[in-house]
Amino acid sequence: MVDLIARDDSVDTCQASNGYNGHAGLRILAVFIILISSGLGVYFPILSSRYSFIRLPNWCFFIAKFFGSGVIVATAFVHLLQPAAEALGDECLGGTFAEYPWAFGICLMSLFLLFFTEIITHYFVAKTLGHDHGDHGEVTSIDVDAPSSGFVIRNMDSDPVSFNNEAAYSIHNDKTPYTTRNEEIVATPIKEKEPGSNVTNYDLEPGKTESLANELVPTSSHATNLASVPGKDHYSHENDHQDVSQLATRIEEEDKEQYLNQILAVFILEFGIIFHSVFVGLSLSVAGEEFETLFIVLTFHQMFEGLGLGTRVAETNWPESKKYMPWLMGLAFTLTSPIAVAVGIGVRHSWIPGSRRALIANGVFDSISSGILIYTGLVELMAHEFLYSNQFKGPDGLKKMLSAYLIMCCGAALMALLGKWA
C-alpha cells in the first residue's frame, strides 16, 4: 500500500494551507442553514406521506420522487466521480496516481462489490423465507372465508368462488388488506345475501377480469408497488403459477422478500449519500473566496439530495416494529453535513483539502460513493422503477412513464448545473 501512494521524489508539492479567510460568523450560520435545508428536503416527503394535514396530492409526491431520482444519478457522476478523478489525478500525488485513473477503478470495484453483495443477500433472503420456484398449479379461483362482505371471482368454466375484499394477510406482521390493482374491475351483486350467510356475493363484469392472483396488492398508501404476487415482480420468475392452498403463504413470502430487498436498497442509498455529505461539509468549512457561492449552492444541493432520499424512505412499507427507522435515517442525513461543517471549523488550521492525505481520502471516498450511487441510480431508481414496476401499467402507462422520465431529466439537469459551482 505504501508503494501505491509513494511519490517518485521526496518533495511534496501538495498544498500546505487551506483558503480559510475568516468570516467565522457566516460559517457558523452555515451550520444551521445547511441543517435546515437538509432536514426540509429529507423530512418533507416522510411527513407528507404520514400526516393528513400536510398530505399533498399524489402528483406532488410523483414529481418529488422522480425529480429526486434524477438528482441522485447526477450526483453520482457530476458531484462524486468527477471530483474524485480530479483529487486522485492531482499532479502533486505523483506515483501510481499519475499512471492509472484510480477514481474510475475504485468506482468500478465499488459497483461490482455492491452487486455481489446484493446477489448474496438476495440468495440468503430467499433461502431464509423458504422461497423456491418449483411447479405450482395454476390459480383459477381464490376462496377466503371471513365475516365481512365479499365478491365472487367467477371462472367461466367453473363455479363462482367467494373472495372477501377485506381479508387481511400479514405483510410484515401487519394486517394489510389487499385489493386489485386494475381499477377497471367492477364488482356487481349477483344475488342477495342468503339466510345464515355473512357474505354478499358479487360477479366481476365480463371482459374486465384478469387473474386476481396476479393483481393483489396492499392498499396501504405507503406500500405502493411493494407487494406483488410471484411472477409479476422484479425479483421472481415470470409467469409463475401458484397453488391455491399455498397462495397466501407465497404472497407473504414474496412481500417479505420484496420488503427486505427494498430496505437494503434504501440503506445502500443513504450510505452513499452520507459518505459524500461528510466531505461536502468539510470543504465548505475551510473554503476561501468561493465560500459564499459554495454556501448557496450546497444549501440547494443538500435539499435536493434530501428530497431524493426522503421519497425513497417514505415509500418503504416499514413494519410496526420499525416505524422509527424513517425518522432515524432522515436524522442521520440531516446531521451529517452540518456536523462536518462544525468539525471543519474546529480544525480549520489543520484540515487542508489540497493536502496529500486529504486528496487521497476525499478521492477514495468519493469514488466509493459514486459507485454506490451509480449502481443504485441506474438499477433501483431507473431500471427497476421504469421497466419492472407495476405503476406504469394500464391505458395511461406510457403517458405516466414519459412524464416521470422528463421529471427525472429535470432533476438530473438541475443537479448537474449546480456542479458548475460545487
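Counting starts with 1 at the first residue shown.
The backbone N, Cα and C atoms fix where each Cβ goes, glycine too.
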Annotated residue, phosphoserine, per Swiss-Prot; candidates S170, S228, S389: S170
C92 vs G397, same side of the membrane according to Swiss-Prot: no
Of the residues S52, S148, S350, S355, the one that Swiss-Prot lists under phosphoserine: S148
Selected residue, Swiss-Prot feature phosphoserine, from candidates S162, S211, S245: S162
Record-annotated phosphoserine (source Swiss-Prot) among candidates S10, S141, S149, S158: S149
CB contact flag for the transmembrane segment (100-120) and the transmembrane segment (28-48), at least three pairs under 8 A: no
The topological domain 'Extracellular' (348-358): DSSP-derived helix, strand, coil residue counts: 3 helix, 0 strand, 8 coil
Cβ pairs under 8 Å between the transmembrane segment (291-311) and the transmembrane segment (359-379), at least three: no
Integer average pLDDT (0 to 100) for the topological domain 'Extracellular' (284-290): 83
Number of helical, extended and coil residues in the topological domain 'Extracellular' (284-290), per DSSP: 2 helix, 0 strand, 5 coil
Segment proximity, the transmembrane segment (28-48) to the transmembrane segment (359-379), 3 or more C-beta pairs under 8 Å: no
